[in-house]
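> Got a structure here, written out as structure tokens. Questions coming.
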Amino acid sequence: MSTDAAPDKARPRGRPRDPDIGDAVMHATVRRLAEDGYTRMSLGDIAADAGTTRPTLYRRWPGKRELVAAVLEYLLRERMSRHPEIDFDTLPAIDALKAMVRWLHPGQSDPDEHHLLGNVFTESRRTPELFELYREYSIKPRTRKLTELLRTLQQRGAVREDVSLDHVVTLLFGSNIAERVCTGENTNDFPDRVVDLLWPAIATDRGA
């Protein structure tokens, strides 16, 4: 009979991550980005706001770039969790497009996101990496979803084959930002009105 003891199960090193701290850091970073901007915000201030320490932040996010990328992904997940599931396959084509553009609309976002976007544009010349982060982790995932829907509508014969989907996506996504810049607000019915205006130019006779 063997006297060898069974090996102990490997124990994870370090303290388990506290999800509440992660959420607190995300919210603190959004506030600091909106209020201080990327250049002026510091991980020390964020740690203090979140009720944690700088070493805790550095263990998970080595620097501001990694933290901001995580925050933008977090904001996108939050936006998606707030939006109800939509079965685009069962909707008329124009209604499916309206539902998607509503999801893109800034009115669906946290108020701090409006200030964050303003700071991104303000600092883009001085800190181009911030703008690239915003494009990569915030804009591209949303415009990709819109492009996929438009391509599906093309395949269903509702959107004309000769339409440039890139141009349509730019118009639909950009109009939401333009409304904010031109009027100082985002109205809830704006996405529907934009789609109603654009739809006759991109729809086939079947989709109209």
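Here the Cβ of each residue, glycine as well, is placed from N, Cα and C on the backbone.
TrEMBL does not curate its annotations; it predicts them automatically.
I grabbed these lines from TrEMBL:
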COMPBIAS  1-20  compositional bias 'Basic and acidic residues'
REGION    1-22  region 'Disordered'
DOMAIN    19-79  domain 'HTH tetR-type'
DNA_BIND  42-61  DNA-binding region
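For each feature listed, report its degree of burial, its nearest neighbours and the pertinent distances within the displayed model.
Secondary structure of the domain 'HTH tetR-type' (19-79) per DSSP, as helix, strand and coil residue counts: 52 helix, 0 strand, 9 coil.
On the 0 to 100 pLDDT scale, the DNA-binding region (42-61) averages 94 in this prediction.
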